[in-house]
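K.L.:
First the structure, then my questions, so here it is.
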């Protein structure tokens, strides 16, 4: 029986959890840290805020949010991979971040009331969900009016020449890195597949609008290999 996308993605992340952080740095040449740092600067997270990190994985962005909201804030991290969460929980415990709660859950059915969070983020996770629009609408539902929904994700470079290099890298070299560094050629082949079919920047910006967000900001990184999309929930619906 053929696996659904959700089942396949779950299997991938359960298998690569112990090498995920190392591989993130290898395949992005450490750039993912700078992308997240700049995204956080644009977000301008206020101390004492409530934030939700969807598809939080090993909790790197969750931890950055916790540092930004401070001890009087609150951060939830949600992921459907227990193994990824286990890695994240060890990090959170080591840092003593009592304002963080990591939980097992599904991005398609966020277990929160409407208008709960000031910020809702998803980092390198939207491309792996079964329905992009459904998850964006769920994120919009649980953010407060005036709150921000933010996606940091791989994208499709538009610069001629560089786009071809990017495609070759993702299709052939990244899975090879997965085999060398994580013994996971098949799993990293899936990650390049999910990245190659993900909407480009303009299309994702339209999806943010269709999800009910306004004042959309788009910030490309490293010639467009990744991009931040930020939208604000209207004050009155």
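Each residue, glycine too, has its Cβ placed from N, Cα and C.
Note that the structure is a prediction, hence the values are computed from the model and not measured.
When I checked Swiss-Prot for this same protein, it listed these features:
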- 58, 79, 106, 107: S-adenosyl-L-methionine binding site (BINDING)
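Each of the listed features needs to be described in terms of its position in the shown structure.
P.N.:
There are 24 other Cβ atoms within 10 Å of the Cβ belonging to residue 107 (S-adenosyl-L-methionine binding site).
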K.L.:
Around residue 58 (S-adenosyl-L-methionine binding site), how many other C-beta atoms are within 10 angstroms of its C-beta?
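P.N.:
Result for residue 58 (S-adenosyl-L-methionine binding site): 26 other Cβ atoms within 10 Å.
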K.L.:
Are there residues of the same chain, six or more positions away from residue 106 (S-adenosyl-L-methionine binding site), whose CB falls under 8 angstroms from its CB, and which are they?
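P.N.:
Those within reach of residue 106 (S-adenosyl-L-methionine binding site), by Cβ under 8 Å and sequence separation of 6 or more, are 80.
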K.L.:
Across all the protein chains here, work out how many other Cβ atoms are within 10 Å of the Cβ of residue 79 (S-adenosyl-L-methionine binding site).
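P.N.:
By my count, 26.
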K.L.:
Listed S-adenosyl-L-methionine-binding residues 58, 79, 106, 107 - what's their greatest C-alpha to C-alpha distance in Å?
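P.N.:
Output for S-adenosyl-L-methionine binders 58, 79, 106, 107: max Cα distance 15 Å.
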K.L.:
Give the three-state DSSP assignment (helix, strand or coil) for residue 79 (S-adenosyl-L-methionine binding site).
P.N.:
strand
